[in-house]
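Shown next, in structure tokens, is the structure this report addresses.
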Amino acid sequence: MGNVWSLTSQMFPPKPKWTVDDMPDLTGKVVIVTGGNTGCGKESVRVLLLHGAKVYLAARSEGKAKEAIEDLKKETGHEAIFLPLDLADLVSVRRGAEEFLSKEKQLHILFNNAGVMLSPMEMLTKQGYDLQFGTNVIGHFHFTKLVLPALLAAATPTEKARVITTSSSANYMGTLNFDLWADGPARNKKAPGDMYVQSKHGNVVFAVELARRYGAQNIISHSLNPGSIRTDLQRHLSPFANKMQDIFLFPVSMGALTQLWAGTSPEAGQMNGEFMIPWARLGKARKETGDPEVGKKLWEWLEAQCKDY
């Protein structure tokens, strides 16, 4: 009952008590936003630029990224920096991390914002994983680990570095099944919705485990449900489903709010390994996401998948 209540109650959150006007000045801070060319990512980049941050907009499509950068420059007067990153290809992930590290010694905030939702089951990553789990979890894990030296270099006891990972209310709808993530008979019995739940639950487990492993080194790691937001994530839904969903969806300005709060507010900087809910509030993920044994198992599994890339 608790998981169902958490899921449904977050669809209609109370009015926010925190807005982007409450964000601190971010001059001198280096930030990466994955999936920054569209949706909540693009809105987050916009607000971060307005608050003085140096922002790397990480995206797969150079054309779409540069179009977004131009739009944002016209709107804010500041220019984000394109970082090529295809989270569905672990080789591309390494190249993207290496390009960033060749330009910057420090990374103050990483927003693991990009995501794939309800993609057809025949769609796989370059290395043969389910596209949703591979992009949302494996790709972000690999990228985070590779840029960790820059996060650690930026982190101090008074100014901790932050990693903010976007999950969703789908984390409440199931637990991890390690047999489903690579292409094979077990996965092929499942539907896109099942795999989305796997990835969003996995996002929270990863974020909690990151906090557990690196909190003592001044790394803050939170995950969040951005809310029910009108974005390109719905592109794999049917026109009818999109129309029905649209009734319940909020604009991206609201969708970016919770991750910006988690990534920049002093209040969120006093916590670690937490799950944030709309709008800009502390919440609770499904209890299994905090199990240290599950976190350790997932982390070690992810390391094994990424070690050759």
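Each Cβ is built from the backbone N, Cα and C atoms, and glycine gets one as well.
Pulled from Swiss-Prot:
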BINDING   Lys64, Asp86, Asn113, Lys145, Tyr196, Lys200  NADP(+) binding site
ACT_SITE  Ser167  active site, proton donor
ACT_SITE  Tyr196  active site, proton acceptor
ACT_SITE  Lys200  active site, lowers pKa of active site Tyr
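Here the features listed in Swiss-Prot are painted onto the structure.
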{"residue": "Lys64", "record": "NADP(+) binding site", "DSSP class": "helix"}
{"residue": "Asp86", "record": "NADP(+) binding site", "DSSP class": "coil"}
{"residue": "Asn113", "record": "NADP(+) binding site", "DSSP class": "coil"}
{"residue": "Lys145", "record": "NADP(+) binding site", "DSSP class": "helix"}
{"residue": "Ser167", "record": "active site, proton donor", "DSSP class": "coil"}
{"residue": "Tyr196", "record": "NADP(+) binding site", "DSSP class": "helix"}
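Using a 10 Å Cα-Cα cut-off from the residue listed as 'active site, proton donor', the binding-site residues that qualify among Asp86, Asn113, Lys145, Lys200 are Asn113, Lys200.
Other C-beta atoms found within 10 angstroms of the C-beta of Lys145 (NADP(+) binding site) number 16, with every protein chain shown included. Its Cβ placed at the centre, Lys200 (NADP(+) binding site) has 29 other Cβ atoms within 10 Å. Close to Asp86 (NADP(+) binding site) in the fold, though at least 6 residues off in sequence, lie Arg60, Ser92, Val93, Gly96, Lys126, Gly139, each with a CB less than 8 Å from its CB. In this entry, Lys64, Asp86, Asn113, Lys145, Tyr196, Lys200 make up the residues listed for NADP(+), with the farthest two CA atoms of the set 26 Å from each other. The Cβ neighbour count for the residue listed as 'active site, proton donor', using a 10 Å radius over every protein chain in view, is 29. On its own chain, Tyr196 (NADP(+) binding site) has Met117, Leu118, Gln132, Ala170 as residues at least 6 apart in sequence with a Cβ closer than 8 Å to its own Cβ.
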